[in-house]
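So that we are looking at the same thing, I have put the structure below in C-alpha cells.
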Amino acid sequence: MNLDSFFSFLLKSLIMALSNSSWRLPQPSFFLVGIPGLEESQHWIALPLGILYLLALVGNVTILFIIWMDPSLHQSMYLFLSMLAAIDLVVASSTAPKALAVLLVRAQEIGYTVCLIQMFFTHAFSSMESGVLVAMALDRYVAICHPLHHSTILHPGVIGHIGMVVLVRGLLLLIPFLILLRKLIFCQATIIGHAYCEHMAVVKLACSETTVNRAYGLTVALLVVGLDVLAIGVSYAHILQAVLKVPGNEARLKAFSTCGSHVCVILVFYIPGMFSFLTHRFGHHVPHHVHVLLAILYRLVPPALNPLVYRVKTQKIHQ
C-alpha cells in the first residue's frame, strides 16, 4: 500500500466514523456549561484565557514564519520545532474559540458531529505533540552523542518520515474513539459540564455501557504517555552519560544548554497533562471546576509558552 492509498484509507475511516448514516438513532446536540460553579466569574476567567490564546497564535505563527524564511534554520532541530508550532496552533484553536464563546456570550450549544470533530482534533494533535517531543529528544541524542553524523542520520528525508509516523499514529489511535462514541446511546440530559468536548465528559453522558470506551481511552493515554516518556528518558540517559564524559565544566554546561529549551517544553507539556489526567480520572474529591480549569489551561499554556521558551533559550530564534 503506497502513501496516497494509505492516507485515502485513513480519510475514509474518519468520514465513516463521523457519518450519521451508519447508526440507527439520530444523536442530539450538546450544551456546554463552561466552568460549573463559576458561572458568575466566567467573563473574568475568559480574559486570561483569551490572552493565552492570543500569545499561542502570535508566538507559533512567528516561529513558523522565522523558520520558513531563514534557510539557515532548515535543520532537524528547527524543522521539529516548526512541527511543534503547527501542532500547538491546532490544539489551541480546536478548543479556545468555542470555550471563549461559551464563557463570554453563552454560545453553549454544539452539534453532535461538531463535538466529535473538536474532540478528535484536540486529542489526536495532543498525541502528535507528544510524538514530536520524542523526535526532538532523538535529535538532541544524535546531536550530542553522534555529532559528526548528525546531518547524515537526520537528513530531511528521515525528518519527513518521522513527521509522517507522528501524524499517522495520532490519527490511527483516535479514529476508534469516534467509532466507539457513535455506538453510544445518550440520555435526555446532554449537558456537558465542560467548556469544550472532552472525551470522558462526553462518555459520562451515555445511558448505554461505556466500559469499552473508558478502557480504550485509558489504554491510549497510558500507552502514548508511557512509551513516549520512556523513549525521552532513554534518550536523555544516553545524553547525560555522554556529557559527563566531556572534559571541563564549561564544555559540559554548553552541551547541557543545547537541551535546555527542550527539557523546559517537556516539563510544560507532561506535568500539567498528567496532573489534569490523574485528577480527572481518580481525583474524585477535587472540585469539578478545578478539573475543567486544568483541562482548559492544559490546552492553552503549552502552546503559549513553547514559543517563549524557544525564543529565550535558542540564540538563532532570539536573533
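Cβ atoms are placed via backbone N, Cα and C, with glycine included.
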Which candidate in Asn20, Asn60 appears in Swiss-Prot with the annotation N-linked glycosylation site?
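Checked Swiss-Prot: the N-linked glycosylation site annotation sits on Asn20.
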Membrane-wise, does Swiss-Prot list Leu32 and Val290 on the same side?
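Val290 and Leu32, as annotated in Swiss-Prot, occupy the same side of the membrane (identical topological domain).
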For Cys115 (disulfide bond), what is the secondary structure state per DSSP, taken as helix, strand or coil?
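For Cys115 (disulfide bond) - judged by DSSP and reduced to three states - the answer is helix.
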Cβ pairs under 8 Å with the transmembrane segment (73-93): which stretch of 44-64, 158-178, 215-235, 292-312 has the most?
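Looking only at 44-64, 158-178, 215-235, 292-312, the most contacts with the transmembrane segment (73-93) come from 44-64.
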Could you check whether the transmembrane segment (44-64) and the transmembrane segment (256-276) come into contact, where contact means at least 3 Cβ pairs under 8 Å with the two residues of each pair 6 or more apart in sequence?
no
Which residues of the same chain, at least 6 positions away in sequence, have a Cβ lying under 8 Å from the Cβ of Cys207 (disulfide bond)?
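Set apart from Cys207 (disulfide bond) by at least 6 residues yet with Cβ under 8 Å, we have Ile185, Phe186, Cys187.
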Who are the chain neighbours of the topological domain 'Cytoplasmic' (236-255) in space, where the CB to CB distance is under 8 Å and they lie at least 6 residues beyond its ends?
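For the topological domain 'Cytoplasmic' (236-255), the list is 137, 140-141, 144-145, 263.
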Would you identify the secondary structure of Cys207 (disulfide bond) according to DSSP, in three states?
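Coil, per DSSP.
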